[in-house]
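In what follows, a single structure is set out as structure tokens and then discussed.
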Amino acid sequence: MTPFITALLLFGLGLGTTLTFASSHWLLAWMGLEINTLAIIPLMAQHHHPRAIEATTKYFLTQATAAATLLFASITNAWITGQWNIQLMTHPLPTTMIMLALSLKIGLAPLHTWLPEVLQGLDLTTGLILSTWQKLAPFALLLQIPLSDQTILILLALTSTLVGGWGGLNQTQLRKILAYSSIAHLGWMMLIIQFTPSLALLALLMYLIMTSSAFLLLKLNNTTNINTLATSWAKAPLITMTTPMILLSLGGLPPFTGFMPKWLILQELTKQNLALTATLAALTALLSLYFYLRLSYAMALTLSPNTLAGTTPWRLPFTTLPAPFFRHLISHPPPPPRPHNHRPSNLM
């Protein structure tokens, strides 16, 4: 793909998200989401591999279903209430349909089954865009929808935290682990989005920073499964030392940064008389913490075996070329010195 086409598609991504951010009309918001989807599909299919094409097809069908549901729900809302404004949703039927459509778009459980499979078929750069940038536009719409009853949203959020922690336990592929991590973090954001939107934005910001760091570290090490994490010491020792901090911060272990939004969310849920919900969310966070500890152990505390399938990627490859003078000496060695005929001196 040429740089011009790549820049055009990235501009389309930015345009679609900005259009959704700036819209107060459901048709304009739907148009922004569609531009966003159509811009990322060529980026997902740029590697002509059957796995990438399969992931792109799954993503397109899922997003098309969510967009059709969103458009149908917004038309139903306009038919019932006579207005298209996002912040004036009053009828519970189109509001619930729109919330389910947006949950399908971002991969909230139990509408999450497409996300691990799609992310597994992509390269790490496109996976980073899918895990971070593509969440912004639906999240902005979820922030604006007023809900009279938060029960369904809390059930979706708790299901996401449970599925995100449980689904990543037996995974060996790093992209699937990060997909389940995304599902769990989205569940934490949905828990608090109707009570304290600013806290949900803080959790989203922390998620974006930590997930971007994790994807960029995996791209730097060129690793896609747990077994190859053991060779990280030979590639970049200093970065390998700091990577467990990012992973444990994703898990929410104190005193790292990722602990702060989870602690504040639990505190706010307790203030809203949702102590049982806060307890269940805290217990599901322990499931996510397990596979982050597993990744940290495999990366920082495990030496690679001696029988690797490929060559060891040393961090200091020998690429020094000899100087022209020495190259000339190697190609044209000097002649050997001639023997000198020394006569013995007369000592008599």
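Just so it is clear, glycine is given a Cβ too, placed from its N, Cα and C backbone atoms.
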Correct range for transmembrane segment (source TrEMBL, candidates 12-33, 122-143, 232-253): 232-253
Stretch in 92-115, 151-170, 177-195, 201-220, 232-253 most in contact with the transmembrane segment (273-293), if contact is a CB pair under 8 A: 151-170
Beyond the flanks of the transmembrane segment (151-170) by at least 6 residues, Cβ under 8 Å: 96, 99, 103, 108-110, 112, 116, 176-177, 180-191, 193-194, 274, 277, 280-281, 284-288, 290-291
Positions on the same chain near the transmembrane segment (201-220), where near means CB under 8 A and six or more residues out: 124-125, 127-128, 131-132, 135, 139, 143, 174, 178, 181-182, 185, 188-189, 192, 235-236, 239, 243, 246-247, 249-250, 257-258, 260-262, 264-265
For the transmembrane segment (177-195): best-contacting stretch of 57-80, 92-115, 232-253, by Cβ pairs under 8 Å: 92-115
For the transmembrane segment (92-115), sequence-distant contacts whose Cβ falls under 8 Å of one of its Cβ atoms, 6 or more beyond its ends: 33, 58-59, 62-63, 65-67, 69-70, 72-74, 76-77, 80, 134-135, 138-139, 141-142, 145-149, 152-153, 156-157, 159-160, 162-164, 179, 182-183, 186-187, 190
